[in-house]
Amino acid sequence: MFNYYVRLALKSLRRTPVVAALMIGAIALGVGVCITTLTVYRLMSGNPIEHRNDVLRAVTLDNWDPNQPWDDRRPELPPYELTYRDAMALFESDIPSRQVMMRKGPFVVESDPALGVKPFLVEARLTTKDFFSIFDVPFEYGGGWDAAADQGAQRVVVLSKETNDKIFGGQDSVGKNVRLDGKDYNVIGVLAEWTPTPKFYDLNNGSFDGIEEAFVPFNIGQIDQVQPGGNVNCWRTQPLNSFQDFLESDCVWIQYWVELKGRDKVEAYQSFIDSYVQEQKKLGRFERPLNNKLRTPEEWLEINRVVASDNSVLVGLSFMFLAVCLLNMIGLLLAKFLGSAPLVGLRRALGATRQTIFNQHLVEVGVIGIAGGVLGIGLAGLGLLGVRQLYENYDTLTRLDVTMSLTALVIAIASGVLAGLYPTWRVCRVQPAAYLKTQ
């Protein structure tokens with residue numbers, strides 16, 4: 001019976017092609033706009049490290065100005081980053097299973113005539129060995145470095161897939177050398193495709209930027225005096241006549257994460273950082289009230305307001321636009337269905353029940369919904385392409401996957417059925433006698 005209803009629906013749509021095209025276009029346009037905004041919102045609000053949410057913590061200490069909070073609008077929040085000396089002090093703790101301190105820094109990849117590579121600038125992440133394991137970073141070749149490389153600031157490097165493709169043509173480059181800022185670095189690993197969105201581990205320097213192009217041991221930054229490539233925030237004037245002065249200052253610029261397995265470990269580490277700050281207070285530092293926080297990735301994303309309120313508003317507006325499209329579709333369906341009232345009256349006179357008529361017309365609006373959904377997926381793809389062209393940093397946010405494609409179809413079918421309920425009910429109320437003629 002369902003196949004029969006589908007055939008009737010297709011025949012009915014062919015009888016009024018212009019009206020059918022307008023209805024399909026209305027749904028497609030509404031769904032296309034909705035899926036475009038929903039896709040961006042979904043990827044923006046995602047937690048790419050959700051499977052480790054229970055064990056990872058972002059560490060923050062409140063060493064800011066005693067007379068003014070870090071954020072005037074949210075005075076309860078400490079700075080998002082740590083000073084260099086505080087990070088180094090916390091790194092001595094053996095409470096975390098793993099811990100990582102890190103920051104960004106620029107390096108110049110020098111030319112290599114043998115490889116045909118011209119000099120270019122890369123944004124590197126200077127970090128400690130646990131970065132790759134604590135964040136489940138995938139490798140295509142090789143792996144990360146060990147504690148000895150951290151302590152000895154060995155000149156080793158892990159390349160991103162993109163950088164390895166650019167320098168070595170995508171080949172296994174483990175064991176080969178690259179020159180960064182005039183020094184040879186041995187390649188020990190190459191990452192596989194990895195695009196955490198948002199870039200949860202460093203939300204201060206572009207939440208939706210791509211990952212860094214190279215990764216080197218943290219202490220190299222101090223030995224070679226690699227300038228910070230990300231945010232540096234200072235609250236008081238201090239003489240910074242040398243790089244060492246900068247390292248010893250109260251400027252915050254280091255991101256710090258720990259892995260704490262179990263509530264007892266979390267409590268122990270919280271006690272540790274509180275005790276550390278209390279000791280520093282005796283030395284005249286940390287003049288603000290005790291305010292040290294350990295945030296899960298989910299809390300960290302929320303606190304950093306990765307999803308701007310504008311994006312939520314856009315999602316709401318897109319659904320309002322879909323509602324307007326559906327109102328137009330209701331008008332078109334009423335005109336179409338009531339225009340076929342004589343045929344419905346004849347079928348009723350020949351014995352068709354109201355339920356049969358209702359089912360037939362509901363299948364018809366379902367077919368319209370499916371067609372509108374398919375077209376809407378195409379329009380959403382074009383919409384996301386437009387967003388990608390306007391905002392370069394949104395490249396990872398504009399990918400239409402299977403989930404969102406299926407969502408588009410569901411929204412389209414549901415919208416079509418919803419819009420068709422009233423017109424279908426009206427045509428089912430047709431009285432056969434009003435359309436039967438006697439000779």
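Quick reminder: no glycine exception, Cβ is built from N, Cα and C everywhere.
Automatic, uncurated: that is what TrEMBL annotation is.
Feature annotation from TrEMBL assigns domain 'MacB-like periplasmic core' to 21-270. Under the heading domain 'ABC3 transporter permease C-terminal', TrEMBL lists 317-432. The transmembrane segment annotation in TrEMBL covers 21-44, 313-338, 362-382, 402-422.
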Cβ pairs under 8 Å only, please: of the recorded stretches 21-44, 362-382, 402-422, which one is richest in them relative to the transmembrane segment (313-338)? 21-44
Sequence-remote contacts (6 or more beyond its ends) of the transmembrane segment (362-382), Cβ cut-off under 8 Å? 2, 5-6, 8-10, 12-13, 20, 23-33, 35-36, 39, 329, 333, 400, 404-405, 408-417, 419-421, 423-424
DSSP-derived helix, strand and coil totals, residue by residue, for the domain 'ABC3 transporter permease C-terminal' (317-432): 103 helix, 0 strand, 13 coil
